[in-house]
Amino acid sequence: MLALSHLSQVDASAYDKIVSHSRIRAKKQGLPSGSVTLLIGMSLKPDLLLVFVSIYQCWVKSLNTSLFFFVLFFFNCSLHPLGRINMCAIQEIIGTKKKYFSTCRNWYMGSICGKKALVLYECCPGYMQLEGMRGCPAAVPIDTIYGTLGVVKADITKQYVDMSKLTEQTQGAGSYTMFAPSDEAWEQLDATKRTELLNNENTLLYDALHCHMVSKRFLTKDLKNDMTLESMHSKLGLYINHYSNGIITVNCARIIHGNQVATNGVVHVIDRVIAPVKNTIRDVIGTNEELSSLNRAVKKDSSLLGKLGQPGQYTLFAPTNKAFEKHKEGLKRILQDKTLVQAFLKYHLLSSVQCSEAILAGSRYETLEGSSIEIGCDGDSLTVNGIKMVLKKDIVTSNGVIHLIDQVLMPDSVKQVTELVGESQSTFGHQVTKLGLAAAMGPGAQYTLLAPLNTVFTDKVMSMDQHLLKIILKNHILKLKVTLSDLYNGQLLETLGGKFLRVFVYRTTVCIENACMVRGSKEGSNGALHLMKSLISTPSNSMYELLQKNGSFTVFLSLMEIAGLTELLKQEGAYTIFAPMDDAFDGVTEQDMKTLTSDINALRIILLYHFSNGIFISGGLEGSVTNLLETMQGNNLQMLSWPEPYLDLPTASMKENANEIPEKQRAFLPLTDLPVGREDLLYLLQKFIKYMQIKFVSGFNYKEVPFTFINKIITTHVVE
C-alpha cells in the first residue's frame with residue numbers, strides 16, 4: 001500500500017511513532033490476497049472523502065495476457081476496510097507473555113534481549129475486529145474509565161475498583177488518567193502484599209488505586225521524559241520516563257497498552273503494580289542493610305552524598321556488601337584516597353533514569369565519572385558491561401532508580417597502570433611481570449606503558465635472548481604519565497631504559513619512533529596505557545650510516561656525493577628520504593651517468609625531490625587519500641598509496657636524532673611538470689622517471705640550489 005498524502009501534522013511521541021511503525025509492518029494482514037491497493041490522500045477537511053484506487057488483476061487464459069481492471073471507490077478512509085486495517089505487528093518473547101511494539105533493530109534481529117521473539121498481529125490500541133472482516137476495522141466504543149477497564153481486559157483492576165468503592169468516581173464527571181495494572185501484573189504482586197491490600201479494601205486498596213490515578217487526562221504524547229505527576233493518593237509522585245525506543249514507564253512500570261480514551265479521561269495499561277515512592281536514593285542507601293558498605297563509602301564524599309538526597313534523575317548501580325567483600329584488597333587502596341573514592345562511586349551513577357523495562361538491547365551510557373558503561377539485557381536479566389550482575393532491579397526513588405549488583409564496577413581512572421593491560425596486550429603484560437619490570441615501577445611514581453598487541457610477539461620475538469628482550473621492553477615504559485591528549489609532534493619521552501623516544505603526530509594517528517598507536521588508550525590512577533602496532537625500535541645510526549650499511553643504495557650515495565649533498569645524510573635534522581635502491585637504476589649506462597651528473601644543479605634538484613621535511617612513518621599516512629608531503633626542493637610529493645612491503649628504518653645522528661628511510665624500487669618524484677632544456681637529459685630522465693610529466697623547454701637551465709638546509713660546522717682551535 002503506497003500512501004501519497006500530506007495530512008496535517010500532529011505532535012507524535014516516540015511511543016506513538018513505534019505504534020505507527022507497527023501498523024506499517026502489519027499492513028498486509030488486512031488486505032485481500034491478490035490485490036494491490038494504491039491509497040491517494042489529499043489534505044482536505046475531515047468530512048471530505050478520500051479517493052481509493054484498488055487495482056485487481058484478472059488473468060484471461062484465452063488471450064494469455066494480463067488485463068487490469070481499475071475500479072474507483074469513494075469511501076470515507078476511516079470506514080473502508082482496505083484503507084485502515086488498524087492491525088499492529090507485535091513481538092512476544094518466546095516462553096513469556098511479554099509483548100512489545102518493536103524497534104527496527106529488534107524487528108530485523110527477530111529477538112529482544114537476546115531471546116527469540118514471535119511475531120503476532122493484534123488490533124492496535126483503540127480498535128477491534130468485526131466478524132467476517134479482515135483487520136480491525138471498528139473503533140472501540142468509548143465509555144467511562146470504569147467501562148474502559150473492561151474493554152482493555154484489566155478485569156482485576158475493575159474488580160478492585162468495585163471493592164474499594166471507586167466505581168462512582170471512575171464513572172462520574174471529571175478528567176482522569178488511570179495507569180491500570182494488567183491482570184498479569186496483579187498476579188505477579190507479592191502474595192503477602194496483595195492479601196494485605198484485599199483485607200483493607202476501604203483504605204489500603206483505595207489508596208493503592210488512587211496511587212495509579214491522576215486528576216487530569218494525559219495521552220502518551222503528553223507524557224514527557226523526566227516528568228513528575230501528582231497522584232491522587234496524598235499527591236505522591238508518579239515519575240514518567242519516555243525513552244527514544246518508544247518505551248514509556250511510570251515508576252518503572254511499562255505502559256503496554258496506551259491511549260484508551262474514555263469519556264472522563266484515559267486509561268493506560270501497565271505491566272506491574274505501582275508502589276508509593278517517598279524515599280530518595282540517599283535514604284535507600286542509608287536504610288538498606290545490604291548496602292551498608294556502599295553507605296560508608298558514600299559518606300567519604302560529602303558532595304555526592306548531598307546530591308543523592310536532592311531532586312534529580314539518576315540511576316545507581318549499587319554494589320551489595322558481598323560485592324565489596326569480593327574486592328576487599330583492591331578497594332582498600334581506593335577507599336583511602338578521596339579522589340579515587342569519588343571516581344569509583346561516580347562510575348556507578350548515571351545522570352538519567354534507566355528502568356529495566358526500557359532496556360531492549362545493549363547501549364552505552366556516560367557515567368558521572370566521565371567514562372561510559374554498557375547496559376544491556378539477557379532475557380529477564382540486566383547486564384552491565386556484558387556481565388550478568390544485577391540482583392534486584394528497579395528500586396524506584398523520588399530522584400531516580402537503584403539496581404542492586406553483586407560486583408563492583410572499576411573505572412580505569414582508579415586502576416594502577418599495570419591493571420590497565422587488557423586481553424589484546426596480555427603477552428606484553430605477562431612479559432613485563434616475568435622480566436621483573438613490573439616490580440621496577442615504584443608505587444609512588446607515574447608511568448606510561450606503550451603496549452604492543454599480542455600479534456607483535458611472534459615466535460621469533462619470543463625466542464629472543466631474555467636479556468635483550470628486557471632491554472627492548474624497558475623502552476616501552478615511560479618514566480611519567482603521558483595521556484593521548486598530552487602528546488605533541490617532536491616531543492621527547494624518556495623510557496625506563498634511559499632512551500628518549502620521539503613523538504610524531506599525524507592527522508589520524510600518533511606514532512612513537514617507528515611504531516604507531518591503535519585505538520584503545522587508557523588512563524589510570526598512576527599512569528596511562530597506549531596500544532602499539534609493533535615493537536618500538538630506538539635509532540642508533542645516521543641516515544648515511546644506515547644506507548651505507550644496507551648495501552642496496554650505492555648509486556644513490558654516489559650521486560649524493562657528486563652533488564655535494566652527503567653532509568645532509570650525516571647532520572642532525574628531521575627528514576624522510578624516499579631512497580631509490582640500486583634496482584631503480586637498472587639499464588642506466590655509464591654514458592647515462594655522465595649525462596646525469598654533467599648538470600650539477602639538475603642533479604641536486606632531482607635528488608632533493610626525494611627528501612621531505614619532517615619524519616613520516618608509513619603507518620602515519622592516511623589511507624585511501626592523497627597525502628601531500630613537502631620536499632626540500634619545494635614541490636609536494638603526492639603519496640597516492642603506500643605499497644607493501646615498506647620497511648621503516650629508524651636512524652639517528654650522533655645525538656640519536658632519527659630520520660625515516662622508506663626503501664623505493666624506483667626514483668619517486670611528484671606528479672608535476674619537470675622542465676628540461678637539453679634533449680639528452682630529457683631522454684635519460686624518461687628512462688627511469690615514471691611518476692611525473694617531463695616537458696622539453698628549449699634553453700631552460702636549472703638555477704643553482706642554495707645550501708641553506710646544510711648545517712655549517714665551524715671548528716675553533718684555541719692556542720694557549
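Even glycines carry a Cβ here, placed using N, Cα and C.
What TrEMBL says about this one:
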- 84-138: domain 'EMI' (DOMAIN)
- 141-274: domain 'FAS1' (DOMAIN)
- 278-409: domain 'FAS1' (DOMAIN)
- 401-536: domain 'FAS1' (DOMAIN)
- 540-675: domain 'FAS1' (DOMAIN)
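When pLDDT is averaged over the domain 'FAS1' (278-409), the result is 93. Summarised by DSSP class, the composition of the domain 'FAS1' (278-409) is 49 helix, 40 strand, 43 coil. Secondary structure of the domain 'FAS1' (141-274), assigned with DSSP and counted as helix (H, G, I), strand (E, B) and coil, comes to 49 helix, 37 strand, 48 coil. Counting residues of the domain 'EMI' (84-138) by DSSP class, helix then strand then coil, yields 6 helix, 23 strand, 26 coil.
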